[in-house]
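Pulled from Swiss-Prot, these are the listed features:
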{"type": "TRANSMEM", "residues": "15-35", "note": "transmembrane segment"}
{"type": "TRANSMEM", "residues": "52-72", "note": "transmembrane segment"}
{"type": "TRANSMEM", "residues": "83-103", "note": "transmembrane segment"}
{"type": "TRANSMEM", "residues": "112-132", "note": "transmembrane segment"}
{"type": "TRANSMEM", "residues": "170-190", "note": "transmembrane segment"}
{"type": "TRANSMEM", "residues": "200-220", "note": "transmembrane segment"}
{"type": "TRANSMEM", "residues": "227-247", "note": "transmembrane segment"}
Amino acid sequence: MLATIDPIALRLGPISIHWYAICIVSGLLLAVYLAQRLAPEKGINPEHILDFILLAFPIAIVGARLYYVIFQWSYYSQNPSEIFAIWNGGIAIYGGLIAGAAVLYWFAKRHAIAVLDFLDIAAPGVMIAQSIGRWGNFVNQEAYGKAVSQLNYLPEIIRQQMFIDGSYRVPTFLYESLWNLVGFSIILGLRYFNKGLRQGDVTSFYLIWYGLGRFVIEGMRTDSLMFVGLRVSQWVSISIIILGAVLLYFRKQRQKADYKMKN
């Protein structure tokens, strides 16, 4: 049996660099690279992407942490010093998405960029960043599912890391990481093979795909707050699925109306 992975990847004197941070930053850098490559297609200056990230990233981290702390308040109210210990894990993706989306809306309006265009070029990078970021949960042994008798279908390193509190745990981090990776691949395929993609289509796909996957996977987890029979994140998932479907519907209706006007 292998030992569990040390959450600290590198120690430089008093400075500790955590795997969690490496996963988040790696995903962020890849997302920025992709968005900058896609920006010219929408007539957006690639320099705006970096300006946006420098503003949005810290706010998104605060939003993600705040969301997590609010829904784990029973613990943090008794351990207030832990509220800022983000290196130990404990950030909620939905909190980061909500905060990041708010900043994106403000930034797009300020720089006269169509919000849906900005979202369309951001969505692929966000999805692959989420896929990479889930491996930070793996190292920290968090965001896992119920206890199971064995995980023989997985590599030894994953099985050992998912042996928590005397039991193997369902590796929900892995399921979500793979789900997001598949979603990212589909977006690339749609962009390559379907030249008829309209404004907002990629954003709609992202919202529906991510929401569906998160709804199912969240139901496997054991560490989420319940509300009216479902986990809070499942309610948020339902909301973004509906948002994605409504956006797709109205974009298609507008497309039909435009076609009729031209003919």
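Glycine is no exception: its Cβ is also placed from the backbone N, Cα and C atoms.
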Which residues of the same chain, at least 6 past either end of the transmembrane segment (200-220), have a Cβ under 8 Å from a Cβ in it?
116, 119-120, 123-124, 126-127, 130, 145-146, 170, 172, 175-176, 179-180, 183, 186-187, 190-191, 231, 233-234, 237-241, 243-245, 247-248, 251
Count, for each of 52-72, 83-103, 170-190, the Cβ pairs lying under 8 Å from the transmembrane segment (112-132), and report the range with the highest count.
170-190
